[in-house]
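According to TrEMBL, the feature active site maps to Asp161, Asp363. Feature annotation from TrEMBL assigns domain 'Peptidase A1' to 143-480. The signal peptide feature in TrEMBL is assigned to 1-29.
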Amino acid sequence: MGATIISPTFLSAYLLLLCLVCSLKEGYAMGRRATVAESHHLEHSHTIQVSSLLPSSICSLATKVLDKKSSLQVVHKHGPCSQLYHHDKANIPTHAEILLQDVARVKSIHSKLAKSLGSTKVDQTDAANIPAKDGSVVGSGNYVVTVGLGTPKKDLTLIFDTGSDITWTQCQPCVGTCYKQQDPVFAPSLSSTYSNISCSSTTCNSLASATGNTPGCSSSACVYGIQYGDSSFSVGIFAKEKLTLTSTDVFDDFLFGCGQNNQGLFGGAAGLIGLGRDKLSLPSQTASKYRKYFSYCLPSSSSSTGFLSFGYGGVSKFVNFTTLTTISQGTSFYGIDIVGISVGGKKLPISASVFTAGGSIIDSGTVITRLPPTAYTALSSEFRKLMSQYPKAQPLSILDTCYDFTKFSSVSVPMISIFFRGGVEVPIAAKGILYVNTISQVCLAFAGNNDDTDVGIFGNTQQKTLQVVYDGVGGKLGFATGGCS
């Protein structure tokens, strides 16, 4: 039987059919790849309603009630939940001014960590003698809590700052100047539990490490002085007094600065609570009760509330801990090891040595996270790639990756995670990825340092809604998502 011969007509029709099947398969594969890529993008992005980006003018109180026993409410000093906001609406800084203050704070942190600084003698009458290089950090942060001081107790609204050690408040009489504050200025003469620290005591000498200045002496009373890099300062008598954190948590003989000459950008707050690592900080002075264990949650916007808690109560079961490190020259700061960053579910190819060159700290008073420039460039270029569908906007101060969302009702923003030593991944909340000036200028809320050897800073915008847990005795720092709204 002879070989079957296929007719040319059949062959060309058959080949046409094969091509059609191939192209359908290829089209299906391409479509599937596009669908997979799209679903990967959606899976690793936040969908944000544009109207929700701007803070409300009405305060919405936190729905989560913590173990109230050792917990204080945290509010943003420039938001409607703060009495300071209603007290001085006219002087609320613009976003450009806030970012300029942030630059000054970061510069002062970098200069403090870059060199060992000589301390300076304090003169009570001449606060201007304290040099700006004294080693305290500028600006003081955006978040405030209210505590009680003295007997009878007087409530004071104070900024809390993990980058500072000494706690101080303005006191009567103001020997130099006192800036305008919302609470009545504390009057030590009206408290039965107030007493000065003697300038010959070892307690007085311990001020040098907490303030960077050698203490002074006025009529045998110890004089402290602290200056921040923007030429804000507080000078006065170092004293002890009863501190009331909550109705059940009261501490006698708490060491603090009673400021009689104070000046600066404290936004109407009565002073500052130092949460750093020095022995004069609040966690160290209350260590017998709380074992240097505290946590806070910064609210997602200036129109909602968070908390600051002391001790083990109210800490999430889902906290992941990384190791705290110590930065040379800056032993008060809480050092951390950042090891990587992911954007849109993709780990960026950044060498570990980029992060170790300068080390990093966590700071409640720095607004914008600062990364080594090599890491920031990788982050911003990947972010821009995934945000290419949105029109660009002008840079805002130090923020160079900005977008105009005016024509959108909702936007899709890639998720960002920061990785810390010990395999700890911290997903940044949607409100912690963006810094909003107006809807037409919404920026990636990260910035690069000048050099890879400058210390990196994990700032407060990126900490929003995280419960951040400090275990000073255990030498650990923990993060849990969904700590507050």
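Numbers run from 1 along the shown chain.
Heads up, the Cβ atoms here are built off N, Cα and C, so glycines get one too.
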I need the most crowded of these active-site residues: Asp161, Asp363. Count other C-beta atoms within 10 angstroms of each C-beta and give me the top one.
Asp363
I need the CA-to-CA distance for Asp161 (active site) versus Asp363 (active site), whole Å please.
8
Grab the pLDDT values for the domain 'Peptidase A1' (143-480) and give me their mean, rounded.
95
